[in-house]
Amino acid sequence: MTEPGSYKETVNLPQTAFDMRANAVKREPELQKFWAENQIYENLSQENPGDPFILHDGPPYANGDLHIGHALNKILKDIINKYWMLQGRKVRYVPGWDCHGLPIELKVLQGMKSEQRAALTPLSLRQAAKEFALQTVERQKQSFKRYGVWGEWDNPYLTLKPEYEAAQIGVFGQMVLKGYIYRGLKPVYWSPSSQTALAEAELEYPEGHTSRSIYVSFALTSLSATAEAVLKDYLPNLKVAIWTTTPWTIPGNLAVALNPDLTYAVVEKDGSYLLVANELVERLETTLGVSLPIKTTIAGQALEHSTYQHPLFDRQGPLVMGDYVTTDSGTGLVHTAPGHGQEDYVVGQHYGLPILSPVDGNGRFTEEAGQFAGLKVLDEGNEAVIQALQQVGALLKEEAYSHKYPYDWRTKKPVILRATEQWFASVEGFREAALQAIAQVQWIPAQGENRITAMVSERSDWCISRQRNWGVPIPVFYDEETGEPLLNAETIAHVQAIVAEKGSDAWWELSIEELLPQAYRNNGRRYRKGTDTMDVWFDSGSSWAAVLEQREQLRYPAEMYLEGSDQHRGWFQSSLLTSVATHGIAPYKTVLTHGFVLDEQGRKMSKSLGNVVDPAIVIEGGKNQKEDPPYGADILRLWVSSVDYSSDVPLGKNILKQMADIYRKIRNTARFLLGNLHDFDPANNKVEYDRLPQLDRYMLHRIVEVFTEVNEAFTSYQFFRFFQTVQNFCVVDLSNFYLDIAKDRLYISAPDDFRRRSCQTVLWIALENLAKAIAPVVPHLAEDIWQFLPYPTPYKSVFEAGWVSLDATWTNPDPQLLETFEQVRLLRFKVNECLEKLRVNKVIGASLEAKVLLYIADPEKRQQWQNLNPPALAAISGVDELRYFFLTSQVELLNSPDQLSELKSEYRFEFGDSSGGVLPADGQKCDRCWNYSTYVGKDDKHLLLCERCVAVMER
């Protein structure tokens, strides 16, 4: 054969049907169907030999479509579940949904015409809310499945199912019997816009809230015995000065609180005297715009039990002590309304003050507020109180004050604190046990422990009652005559059994007689049933009892709870409180939290900014597919693995493009590996470790390092380490180094040559371990790779094959070997820089048109390098040769650096005390392998071939 190109057919080019493109929109659903039909999740969750691993799902709210935060959350959970499944553990994941509560009720009401609303009964509203919730669950479920998330999708837990509601009533009952549930008139967060009490978890604190703050004086009417001696000369012109950001609470004022440890000053103003904190005098002079000369000072403690006159009502109130009073703002004296504040309530109880809350459920003043009755407290009520104080000369100053103020998380309207009859869980009763339980849990990241500890330490009792219809009823009856609640083991167990059978609708459907146990029917008393439902945080907070304790093969406590960092205040806490109150332990062993998803500039996502990333559009593509290409689920999942989820994480179009590029690199690497294994069967063709060339042993050492790091990334839940390591392995170790060098062995050798089979052995190990290692994160790609393995395998799915398998013998190679290849890689970099200059200057085209000259100063090292540079004809099956490592046709080791001086300086390089250079290769180009050789043209039969290729052709 003497025609150029005649040897094309003799080269072993890659062969695989594995697609270069993911075509995710079509291929991912096919792979999901394959998993479903073969019941991969079901089989492994039951048949894996290891211990169970139970990650308990925090239920998303069945209200609307999924957003990118849902995707981040569910994908993180799935990565962890799939990893432990590959590790052989029995992973059972039961997804859940939170189905009750005001937001769903509001959605249903918003979708109705006014005449439909007017005709609503509690039961018809509940039916509509249930239908809405179930439709939403179905829609969200399909989206979650499309993300590639595995779980018990045919049997999820829903907080509206009878068995769940019954278990929840059981938790409530246990807390009642332990004395932790009580009814009381207490200030609670009340939403006038929703007309219900709210838990702290249902509040948000938007930026930019401004209140009307006022400084007010109350005239002192009597002094305590301890204050008399110091202050009697200043009466009757002595007043206390208070500051408040809620003028509407002044009608509820019953006391003024001081800090017993602060010093207070009497200052002169306009011919009368004000009592204020001594260290705030200067600041108040600036605020009020007047000089306030100090007349005398007195200890806060000495003022206890002095009295003052309310400026707007005919009543007097005491000065009381509160260590929560600070000098951060205001006057150092705090207006106290026990019906409108938590600290006010506590101090009021201590001093035996009544609870006055002259505000109704609509947020309007009641008759108790006298002249203000009927006014909306947050609007005209505020204004009217300020005007009234002005008229009686009690207003010292009004100014705008920007601060964090609670809003209803659903209606986005401000809330108020208002005393109402509510049901509470007494956190005080088990706070210490809860704090001890927190300390037993592993928190990831660690600062989560401090957050939830502070919250539980400081939290007030939990208001668990809601004045709405769509929820689980508080199973209480009230005596018609006395109003006394009837709530005991017998009544709770009876209602629980009914709910287990008929669902919580029974509370509205059945008569009082049917809901009461036999002993309480016809006993001479008349009862009415309560109308309150439970806080939805009590619903989801009971999931450990309704799911973990009830279902076979689940475990309580769970291995892990995983949600957004806002759940320290929400689900983590409500679950902890119910579990500790009833069992004395936390319901979880580990709690992992993630941040929120922001845009690429670090801003919150909002429709108004146009920066919302919709996971459905990321996966399926948008209307304009150029603008919003269909990336598929794996690229979304790859993004999840790339971020440090312990704080807020960015996402946008540029980041998605980067992810697609990285995904493509991993996919193309896998495709190259598959293509070059088309004629390899490990059962027959693999080469044993001790026969492998040095390069291959070095590569196996790198494989051990890489996959050990990947494993540590998964066990420590630091998935960004996985992302960086796998990306680096595919690009730097494989594509740019090993596979670059391997092409010559793979394509040019005879199919069954040792140098080719040894390389394929490494490719096989790299490919299978790569597929297994990426399976938790990009399961569709991993499965796709596995389905295209060109040799028989006993495992029909990558997930059945288990986790990466690394042989201990690969881990301890000769240190000399490692040092040599670290040097080779550094030297390659230097050589490539010079080759690029030759290319730019059109001296050469491909690197095989070049020859490398090396001068090694150290004689010992020179001998080592000489061993890697045999004469051309000596190593027909060579692998460990410098020319292959550098992808050049020849390498010459020089005896003196002087021989480099003839080269242009730009074609020379230094490394350490050695040096080298690059110049065009000797000889002619071989038509088969494209290496240059002085042998080309010397073989009569194969004039166009080099000595290596002639040897292959003559076999």
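From the backbone N, Cα and C atoms, a Cβ is placed for every residue, glycine too.
Database features (Swiss-Prot):
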BINDING   Glu563  L-isoleucyl-5'-AMP binding site
BINDING   Lys607  ATP binding site
BINDING   Cys926, Cys929, Cys946, Cys949  Zn(2+) binding site
MOTIF     60-70  motif ''HIGH' region'
MOTIF     604-608  motif ''KMSKS' region'
In sequence order, which same-chain residues at least six apart have a C-beta under 8 angstroms from Glu563 (L-isoleucyl-5'-AMP binding site)?
Gly58, Asn73, Gly570, Trp571, Phe572, Thr593, His594
What number of additional C-beta atoms lies within 10 angstroms of the C-beta atom of Cys926 (Zn(2+) binding site)?
24
Let's check the environment of Cys946 (Zn(2+) binding site): how many other CB atoms sit within 10 Å of its CB?
28
Applying a 10 Å Cβ distance cut-off over all chains shown, what neighbour count does Cys949 (Zn(2+) binding site) have?
27
Using only C-alpha positions, which one of Cys926, Cys929, Cys946, Cys949 is spatially nearest Lys607 (ATP binding site)? These are the binding-site residues in the record.
Cys929
Who sits close to Cys929 (Zn(2+) binding site): which same-chain residues at least 6 apart have their Cβ under 8 Å from its Cβ?
Asp744, Tyr747, Ile748, Cys946, Arg948, Cys949
Could you say whether, by DSSP, Cys949 (Zn(2+) binding site) belongs to a helix, a strand or a coil region?
helix
Other residues with Cβ within 8 Å of the Cβ centroid of Cys926, Cys929, Cys946, Cys949 at the Zn(2+) site?
Ile748, Asp927, Arg928, Trp930, Asn931, Ser933, Val936, Leu945, Glu947, Arg948, Val950
Using DSSP and three states only, what is Glu563 (L-isoleucyl-5'-AMP binding site)?
strand
Looking at the motif ''HIGH' region' (60-70) alone, can you tell me the average pLDDT?
91
Composition by DSSP (helix, strand, coil) of residues within the motif ''KMSKS' region' (604-608):
0 helix, 1 strand, 4 coil
